[in-house]
Amino acid sequence: MPVSLNVGDLSEPEETTELKAPEQIESDPCEKKKSHKHELGTLWNRIIVRHSPHSSTLWLKYKKVILTFLLLIALSVYCVFGIMISGFEKAKDLFGVLVFSGIIVVYIVIRDTFGKQINALVIKPVSKMIEEHWSILRWFIYGTLLVLILLWLLLDTIKDAKRLQSVAGLLVFVFLAYLVSTNRRKITWRPVLWGLALQFIFGILILRTKEGYDVMKYIGDKVTTFLDFTVAGIVFVFGEKYFLHFVAFKVLMVVIFFSSVTSVLYYLGVMQVIIIKLAWLMQVTLRVSGVEALCAAANVFVGLVEAPLLIGPFVKNVTMSELHAIMTSGLATIAGGMLAAYISLGIDANHVLSASVMSAPAALAISKLMYPETEVPATSGVHAIQFQKRNEKNVIEAAAQGASIAIGLVANIGANLIAFFAFLSFINAILSYLGGLVLYPELSFELICSYIFAPFALLMGVEWSDCTKVAKLLGIKTFLNEFLAFGQLSVFINNRKTMSTGPVLSLRSETIAVYVLTGFTNFLSVGIFLGGYGQLAPNRKTDMARIAIRGLIAATLACMVTACVAGILYQENWDQSSKLNQMT
């Protein structure tokens, strides 16, 4: 028979209630499943669907926090299993990352939850009380600190008379900066004293506490290990014999890798947080303007080319003192890419990292001594300055963009090395010819520098037998290029490590040399500064040119002050044991 299908047959059947025995209900698995599904559906509708707009808003608002907590929990569980299976020694790196991340998360939670209350109940009242009585308190605080520092230096230098050289050098270099000040009556001593104090605090934590030294050495070793992964890319592109052209195919390639990593950190917002916090510390303690603090903090990580982008809109309106401080900070510190290159040359990573951080407050201190503020800065706090928004869509694009940016930097470094090495050879040939006319063919640029800069090397705490060698490095850095100077220093370091018959430096002199060479204090860098900042503020080119030499002198004195602090605080027994471990 043909079957007729009505439209009504497609409609949902009406629900009918059918009584069943209890035992029949329990024994019917299909019915039980349907009932369970109905309960779950009702629960979903009641909780999720009804509140979905609110839930999605909460998810969008706290997505990063939730994902961060989930990641930390997952890593913690994995770390516990790793310690149970492989032991703490193998899992200590992951454990350290977890502890550090946990501290940051706790800080963020406390700041976001109780930050306003803490600021209103504790920080503001205490700050107000200190400001009201600061005219009396400052003399007591400064006097007490001065007595304690002098007493500590006296007791400490008795154990090692070599440190007295560095103390004398510190006083001489600060006095020289005071003598050439543009307006000694207008000097505000707070940024000067706090700048030197911060430098001492950083130095004591890094060089005089075993824990601080070990932490910085650990970080330096990990940075070195991390940069060594560049070799994988180098071998893939240039082959196994890349070391035959070490500078071109190893040192400069590390700059590309480091630039790529830095770009990723900027994309993730890590670099911005670090720079802002360091700038805030210097702004609060030294009482400098927001532009000065941010630029000094940024120059610890970025170079003369990248730093102008952070404060570009403000350069047109900065005061002359601010402009001088910006220039001094840029020349007294180094960029992250160059830091990676120096480490690849064999320079100790922990001392290069320490020198870069310690020179930032020293640069502001010397700058404010040589060119005190006589105007009213436009930016009072670092939060008034916004970072330039990045255009990368994801991490991969950020990494690629960082590598592309480094191409120009690598080409610039390589071109300058070729030009300056050739120029140095030409100068030495002329000097040798002129010296040969008076029976002294050994005359060279390095020899002349060794006599000019030897007193400065001695004041910094360099041993007398090494003064001429370090003075040559200073001359090469100042008149030619800091990379050439580090290249010569790496020869001394390699001779010590391999126990070669070539010239070497003592560990103390070697360390002081690292601290004084860490900076862009040369005439080439002055040109780079004028070009970069002059493009952002054409109306200030005349002002920049007017303070160029003064800024170079201030930056050089800042690097020398950093070297003096390193000479005062240097502990040879710790450094010697770590260097012996590296050799073995």
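Every residue, even glycine, has its Cβ placed from backbone N, Cα and C.
Quick look at what TrEMBL annotates:
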type	residues	note
DOMAIN	168-240	domain 'Concentrative nucleoside transporter N-terminal'
DOMAIN	248-345	domain 'Nucleoside transporter/FeoB GTPase Gate'
DOMAIN	351-567	domain 'Concentrative nucleoside transporter C-terminal'
REGION	1-31	region 'Disordered'
TRANSMEM	65-88	transmembrane segment
TRANSMEM	94-114	transmembrane segment
TRANSMEM	135-155	transmembrane segment
TRANSMEM	161-180	transmembrane segment
TRANSMEM	226-244	transmembrane segment
TRANSMEM	251-276	transmembrane segment
TRANSMEM	288-311	transmembrane segment
TRANSMEM	323-345	transmembrane segment
TRANSMEM	443-462	transmembrane segment
TRANSMEM	474-493	transmembrane segment
TRANSMEM	513-536	transmembrane segment
TRANSMEM	548-570	transmembrane segment
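Among the listed stretches 161-180, 323-345, 513-536, 548-570, the one sharing the most Cβ pairs under 8 Å with the transmembrane segment (443-462) is 161-180. In the predicted model, the domain 'Concentrative nucleoside transporter C-terminal' (351-567) has a mean pLDDT of 86. Within its own chain, the transmembrane segment (251-276) is flanked in space by residues 227, 229-230, 233-234, 294, 297-298, 300-302, 310, 336-341, 343-345, 382-383, 387, 390, 392, 395, 398-403, 405-407, 409-410, 413-414, which lie at least six positions past its ends and keep a Cβ under 8 Å from the stretch. Long-range contacts of the transmembrane segment (323-345) within its own chain (CB-CB distance under 8 A, at least 6 residues past either end) are made by residues 220, 223-224, 227, 250-252, 254-255, 257-259, 262, 288, 291-292, 295-296, 299-307, 311, 315, 352-353, 356, 359-360, 362-364, 366-368, 370-371, 406, 409, 413, 482-483, 486-487, 489-490, 518-521, 525-526, 529, 533, 540, 543-544, 547-548, 550-552, 554-555, 558-559, 562. Under DSSP, residues within the domain 'Nucleoside transporter/FeoB GTPase Gate' (248-345) fall into helix, strand and coil as 80 helix, 0 strand, 18 coil. Note: the domain 'Concentrative nucleoside transporter N-terminal' (168-240) comprises 62 helix, 0 strand, 11 coil (DSSP; helix = H, G, I, strand = E, B). Under 8 Å from some Cβ of the transmembrane segment (65-88) lie the Cβ atoms of residues 59, 94-95, 97-98, 101-102, 105, all in the same chain and six or more residues away from its ends.
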